[in-house]
Amino acid sequence: MKLALLKTPDTDLKVSPVPKDTAPATPKLKQATQSHRFDAEIVSVTKRYAPLGAPAVDNISLRIPRNSYCCLLGPSGCGKSTTLRMLAGHEDVSEGAILIHDREITTLPPVERGTSMMFQDYALFPHLTALDNVAFSLKVRGVAQIERRAKAREYLELVQMDHLAERLPNQMSGGQQQRVALARSLITRPKVLLLDEPLSALDPFLRIRMRAELKRIQKELGISFIHVTHSQDEALALADLIVVMNDAVIMQAAPAREVFETPTNAFVAKFLGGHNVIQSKGREVSVRADQCHLGARPGMNSLSGKISMIEYQGTNVRITVTTAENEDMTVLMPALTYFDHAPEIGETAQMSWEASDEHALAPM
Amino acid sequence: MPAAQSAAPPHQRQVLSPKVASWLQVAPMAVIFTLMVLIPLAIIFVVSFLDYDFAQVFPELYLGSWVDLFTSQLTLNLYALTFKFVAIVWVVTFVLGFCIAYFLSFHVRSGALRLLLMAAIAIPFWTSGPIRMVSWVPLLGREGLINQALMGLHLTSEPVTWLMYSEFAVLVAYINLLTMPMVAAMANSMAKIPHSVIQAAKDAGASEGQIIRDIIFPLIKPGIAIGSIFVVTAVMGDVFIVKQMSGSQVNTVGMSIVTELNAFMYPPAAAKSIVLLVIVLSIVGLLLRFADIRKELQK
């Protein structure tokens, strides 16, 4: 059923606000075949809300390769949502340029940019059924009712919501509303889909199911998704490209594994979690918590402190060691190893690690 | 027998049946409503079927008041004029109200400025009704600002007389009075539309006109209904503005009821009141079918 959707030619919509030359003869819903270098490119973009105030986004540049799942990750107020809104055309760009599929779209209105935004609160039209919500963008382009409903139904099938096509938004659960919102964004055939904290309103179980779904749909459509989140788990699980932001600038933009294994600075290491940031031999380094051990070992670097917390997490046990400087270090050890020794809270302990596991951090 | 005593409840607690309890709860309102609304209405209804002369009402069946009401051209004209006022005022306040509310809700970005402009709409209502009526004279009167301007520009050689003490003047006063409730009701509904919903419609490529027609209108139906009820009931029930602004030269149903009451002609006044009440209630009923107001009041 999904394959059928991918083969649906756009031409059956009989919509022609788009000049004919830009539309291939038999365009597929899958768009990755077109020749362009990057799905999205941000070139030295700055956003200031007040002319002389501190910028919300400060001279950032980013290239998003074709067909990638990109997560903008950072604490609230870091500028990630502003970046997304500038990509969507909901916010003016103060300086710089934005390109989608190698075409500059910095000042174009949202509908002409080739982007589509899925809102955090879903922003479904409360008076329209799921089907008419999805069909709305076709309606405003003057597509006849039967045609646009048929098309909308295909997109509802893609997100597995076709059985609730006649429901109103307030008759659906949050997860169902989100699927409809996703279908409504996708029916405009965006080159890049923008998602503003799409999973934050869902309960943990649904969140994990929905994120797998998002990844599946992204791969199926072959377009780029840019997903704003403040959850590192979400970013690590989903992203081909993680962009860690803080204080209006990009701290690191790299594949998930690279960001996790070689964070560029202390902020990235701490924000991602699972790392200890340590002063070792006069320089700042990060060591993954699962590569730290409890107890002094010969030939290893170590520091001492007091065990202040022990969290049993099933597979692993997470032990917090508080140093004399009142800094919290984390040791993540397999539960089996933990129960061999069973250290207790309040005990003095050594934390040790291999010098080769140290990763040097750049000063911030 | 201490043990036996402690086993029994310390005192027999009289529990009312839920039915009785609910009746008791509605009783105060029911009594007031019956005494002050239903019984007077019933009296009015009865009186409308009674005979009368210049000084009193006789307890004798007389259908003349009702026959007159439905056959006299004069009375039918009164209703026609009242409807005309309602229709014109509704259309004008609706258009004005929507434009103002739309502008305030979707084009004024700053919340503080919006509040200020809202307050500005309400400023004329800080004065009492009679003062507001009198203050039309310097503007619309024979020697008023508008006439002076027209004559100063040599557009007319003598003052335009229909500006004041005319149907026109009555309409101006109604519109001035009733645009605000229309704005308030619609702006209140518009404020409940999340910004992202409008943005989503824009993203889908909808023009401003399409957004108004397909998104905003359907979503502010309850506000339109509330504003409309306000306007319809105010115009239908008004005597004060008609009297002041027309200098008692324009006669609506309300005015004629007052005139008849002053002349002790209670039965025809009663008959007219009942018909007016039925009409107003039907219009309100119709508007309530059009939009679920309870939903609007909930949120």
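The count begins at 1 with the first shown residue.
Using N, Cα and C of the backbone, Cβ positions are placed for all residues, glycine too.
Residues or ranges marked as transmembrane segment by TrEMBL: B:26-49, B:61-79, B:85-104, B:111-129, B:162-185, B:223-242, B:269-291. According to TrEMBL, the feature domain 'ABC transmembrane type-1' maps to B:79-287.
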Recorded stretch, among B:26-49, B:61-79, B:223-242, B:269-291, maximising Cβ pairs under 8 Å relative to the transmembrane segment (B:162-185): B:223-242
Beyond the flanks of the transmembrane segment (B:61-79) by 6 or more, those residues with Cβ under 8 Å of it: 48-52, 251-253, 255-256, 267-268, 270-272, 275
Maximum Cβ pairs under 8 Å to the transmembrane segment (B:223-242) - stretch from the list B:26-49, B:85-104, B:111-129: B:85-104
